[in-house]
Structure formats: C-alpha cells, structure tokens
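Novice: Once you've had a glance at the structure underneath, I'll fire off some questions.
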Amino acid sequence: MNKDRDLELTTRAGDDIAAQEAIDDERVKQQQHAHNGGSLERYINLVSTVNFSFVLQCSWEAAAVTFQFALSNGGPASIVYGSLLAGFGTTLVVTSLAEMASMDPTVGAQYRWSATFAPKWPRFFGLMQGWITVFAWICSCTSNPALISNIITGLAIFNNPDYVPKRWHTTLLMWAITSLPFFANFYFRKLLNPLEAIGAILHVVFFFVSIITLVVLAPRSSPDYVFKTLTHDSGWQQPIVAFGIGLLTVAYPLTGFDGVMHMSDEVKKTRIRVPRSMIFSVVLNAIMQFAFMTTVLFTIGDPAVVAADPLPIIQIYYQATGSKAATNLFVIIICIIIFVSFFNVFASVSRLIWAFSRDNGLPFSKTFAKVHPTLKMPLNALILLGACLCILAIINVGSTTAFNAFISLPALGGYISYFIPILFIFMRRLSTKHPTPIPWGPFRLGKLGPFINFAAMVYILFVLCWLPLPSFRPVDGETMNYAGPIAGFVILFAIGDWCVSGRKRFKVPVLKRGEFE
C-alpha cells in the first residue's frame, strides 16, 4: 500500500510540475504578444542551461586575473579563508534565490520577486529593484571585455617590454571585444549552445591542467605563508578591514549566478532546470576557485616579482614553466574562457533589459520590449546594451579610476539586488497574518528556509560593509572608490523616476497563487 501511495504522490507531483510548465509557456507567450513582440523561442536544454550558468561565472579564471588586489589587502590569508567564506555565503544566497526561481521562473527575477513578496508598495520596490539590477548588470557586462583587454595588454607587455599601453588602446580593445558577442547573439545564436559546451570543457579541463602544472613545476611556498600571512600594505592598518577588502577579490567572481534567470523564457522545464543550474554553478565554481587560489599561493614563487607585474598570473606561470610560449598558451586559454563567458553575460543582460522594458520600467519601453519576429530575440535591447558598453568603455580614456567604479559597482548593486527579495521572503515566512499562502515551486527549503534566508542576509551585509571602501589609503582622486556614490546616484535617480512617471508607467506582473492552480 505504501509503495502504491508513494507512486501516486510521485505521479501527482510530476503532473503538477508539467501543468505549471504549460502555464508558464502560455503566460510567456501572452506577455510577449501583448508587448509588441512575437515570442522568444524555448531552445535551451538541460545541458546548455547548466553550461550557461557554469561558464558565465568562470570564477577561478576571474580570480586568477584579479587576485593582485588581495595581495596588498589581507594577503594570502584573506584569499584562502575568504574563498571558503565566499563559497559558503554565496551558497546560502543562491539557495534562497533558487527557491524563488522555482516558484516564479521569470526573466525579471529579483525585481519581480521583490514586487511579489514586498509587504507594502510592491510596484515601488519592484521599480527600485529593477533600476538597481539593470544598471548593475550593464556595468557587470563591462567586466568581461575589461578583463580580456587587461589580459591582452599584459601579454603584450610580457612579450614586448618596450610596449607602453595607452588608455585609448584599452577602449579600442573593449569595443572590438564587445562587437563579437553582439553580432553572434542574433546572427549565430544556434552556435551558442556548442560554444557554451566548449567553454565548460575548457573551464574544467584547463583547471586541472593548470593545477597539475603548477604543483609539478613551480617553487613551493611555506604553509605559514599561505595560511598565516595577513598583510595590510594598502594603508589600512586594521586587519579586519584589510581582510574585508581582500575578500572582495574572491567574493565577486561567485556572483552573477542569477544570469541564467534572465534566459528563463528560453529554457525548457525552467522551474526545475534553472534552480539546479544556479546552485550547481555556485557550488562547483566555489570549490574550483578555492582549490586554484590555494594552489597559486603555494606555488607563487617570488611574491615581490609577482606583485610587480601588471598581470601577476603571467609571472606565476612563467616562474613555473620557464617558457614564454607555455605562459602565453596558459594565459590565452584563460582569456578564451572569459570570452565565452562574455557571450553568456551579453545574452543574459539583453534579456533583462527586454523584460524590464516589457514591464514599462525603462523610458521608451515599447521600443526596447519588442522581439524581432524573425530572429526571435530582443534586438533593440541588444543594441541598447552594446551602445551602453561602448559608452562606458570611453570613460576609460579620461579616467581609469572612474572606469574602475563601473567594474566594482556590479558587486555592490548585485548584492543589494540579492538582499531585498531574500528579506521580503524571510518576512513573509514569519508572517502569520498574510491572506495569501506562498506559492511554492518544486524546489523548497522547508523548515530550514528561515535559517538559510537569515544567514544569507548576514553574509550579504558583511560583504556590503567593505564594497564602498577604497582599496588604498590615503584617499585621493586616484584611489577613491566611486562605486558607493554611483550606486547612491542610481537609487536617487530611480526614486526620481518613480515620482515623475514611474508610478504611472511601471506595472510589474506580480505572481498570483492562481497561476499555479
């Protein structure tokens, strides 16, 4: 009898999920046709969904080309213990958001969830969240071409020491790099799936190749250097502040897991596959990042030589192999993986812009909410994103510090966008007076939910404490961290938009219980 009952429950659960997926498909089509636009095609399968999120983060590669900032802020100890803390904390965050993704798998993600679970003023919080998330992701999209251009510049200096890079060189490189995923997203869209597969293979295989090469060939550091060295050469005398700033080097590469949510209208069986992809990506990338960075610290060689290089990972590979050709090959493969990630980030952000426009969140929303009837993609949103990236790249000509603010801002905006919906679902969980029950999806945290949500918020607040701080002291125009002021400006701009026209224009579709029944 028990087996028959279990079989009946399993069948019923499967039927419920299938029914929810059918409702999702119909709702997506209705929303898209209602907003001038045709519909996006659900073409992303299970393997591609996992690869998309997994490669989009490319955490160990991003940490490999940015860890020089942690060497002077916190040092090796902040990298090792920070990697553990960031991995555990980000897992709490992604688990909380994956539960909401299972309830409501939508391109709008955080701004839709904030509007759904806000105790009051759902449209206000939805619009605020939308502006923060969209701007943060547009800035996040600049990080890939910025990293790639820095790698190219670093290799140019490594192979030609007489080369002196100019700021406008970086801008031109970023323009060229941005043009490739822009055109590929609507001319070669069907090639994105195999490209993601290639990226995922390189992401894993080259991880092991790098570690084995460094372990076998590189000189060894002492365990005391790796686990007990806490530096504060940046001017911050307080060890906890130095550790906190150094933590950002390994915390930021683990963000961006919500990028696959922005593709949810093109993912098959999205309620199951998207949450799994998000969690799988964070857990595996966190493990790989910790393993790789620990290996790097044990095989760093001469720390002074490494720290003096514009791209320290070049010197680590060179000291290990003693070969310029091998060093070039290793760094170029890292560059290729980050480039494949850029394709995913570009596609993800364009869909987020499209969704926010579909809900009248942006000025000229009707234009950017259109889906091209033949290409089956938000072409105008792609053009807007490409234009924004080219404009942001120009800032690098006038001021490197201002452009760095646009690189660090995604972390600040991203963590804020994570915090708000988690806070609201946490409050709804504890509420006993709300008239509408929470419309749980296939993935549910159960009794552990409140504890996981609370721990995730504590971690986010801890990281947010350090994000606005400058990396070096004394603080002047060259060392100032502009991420905080820019984030504040975006929030004030969003409030102004709400007061002027947003409260009349913005109509976010809030999740209703009836959609699941």
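Yeah, the Cβs are placed from backbone N, Cα and C, and that goes for glycine too.
Pulled from TrEMBL, these are the listed features:
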type     : residues : note
TRANSMEM : 124-148  : transmembrane segment
TRANSMEM : 168-188  : transmembrane segment
TRANSMEM : 200-219  : transmembrane segment
TRANSMEM : 239-257  : transmembrane segment
TRANSMEM : 278-300  : transmembrane segment
TRANSMEM : 329-356  : transmembrane segment
TRANSMEM : 377-397  : transmembrane segment
TRANSMEM : 403-427  : transmembrane segment
TRANSMEM : 448-469  : transmembrane segment
TRANSMEM : 481-500  : transmembrane segment
Novice: When you look at the transmembrane segment (168-188) alongside the transmembrane segment (329-356), do they share 3+ Cβ pairs under 8 Å, ignoring any pair fewer than 6 residues apart in sequence?
Specialist: yes
Novice: Taking the transmembrane segment (124-148) as reference, which of 168-188, 403-427, 448-469 has the most Cβ pairs under 8 angstroms?
Specialist: 403-427
Novice: Under 8 Å, at least 3 Cβ pairs, sequence separation 6 or more: does that hold for the transmembrane segment (168-188) versus the transmembrane segment (448-469)?
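Specialist: Contact absent: fewer than 3 Cβ pairs fall under 8 Å.
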Novice: Please report, as numbers and ranges, the same-chain residues at least 6 past the borders of the transmembrane segment (377-397) whose CB is under 8 Å from any CB of it.
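Specialist: Those are 37, 40, 138-139, 141-142, 145, 167-168, 170-171, 174-175, 178-179, 182, 185-186, 189, 346, 349-351, 353-354, 357, 367-371, 403, 406, in sequence order.
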Novice: Would you mind listing the long-range same-chain contacts of the transmembrane segment (239-257), meaning Cβ under 8 Å and 6+ residues beyond its ends?
Specialist: 53, 56-60, 62-63, 66-67, 69-70, 73-75, 77-79, 81-83, 85-87, 89-90, 94, 97, 140, 230-232, 278, 281-282, 285-286, 289, 293, 345, 408, 410-411, 414-415, 462-463, 465-467, 469, 471
